[in-house]
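Written out below as structure tokens is the structure these notes cover.
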């Protein structure tokens, strides 16, 4: 199992690098990430959240775990919806985030094969959330400044814990 990195850890702000090797080490890393995600009752976990600055994440929105490697969002619907999101890198913080209702995505699986699919509703939201992590974008970047100000003390406490 991995230790989940929390707000304040610099790895969360970096743009992750593409995965180039689809080997046993990647499979083991993904298995460990899935174990970590379930341990913390998450529905998604991006590699940067466990200190790995590479473009992949795992998610499970009810149909079993999926590894998403080198993802792209090909299309995002103009229709959006607002819903509450949490993040393992922001313990006990939940904020309302506006995201596209539908996305058309392409990614590679653990064998390096390309997968293309359309996601709607909750699966689309989770995909977009985890995709943000690969670009160094966090949930607090997607909320209004006034709301961020209200969370300032809690964010500072989390950042302090990241430094040990």
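Residue numbering: from 1, along the chain as shown.
Cβ atoms are placed via backbone N, Cα and C, with glycine included.
Sequence-distant neighbours of residue 133 (Fe cation binding site) (same chain, six or more apart, CB under 8 Å from its CB) are 12, 16, 46, 47, 48, 49, 57, 89, listed in sequence order. Annotation note: residue 133 (Fe cation binding site) sits in a helical segment as assigned by DSSP. Residues or ranges marked as Fe cation binding site by Swiss-Prot on the basis of sequence analysis: 87, 129, 133.
The feature active site is assigned by Swiss-Prot to 130, with sequence analysis given as support. In sequence order, 44, 45, 46, 57, 59, 68 are the residues of the chain that are 6 or more apart from residue 130 (active site) and have a CB within less than 8 Å of its CB.
There are 26 other CB atoms within 10 A of the CB of residue 87 (Fe cation binding site), with all protein chains counted. The Fe cation site is set by 87, 129, 133; from the centre of their CB atoms, other residues of the chain with a CB within 8 Å are 44, 46, 49, 85, 88, 89, 130, 132, 138, 139. In the structure as shown, the Cβ atom of residue 129 (Fe cation binding site) sits within 10 Å of 23 other Cβ atoms.
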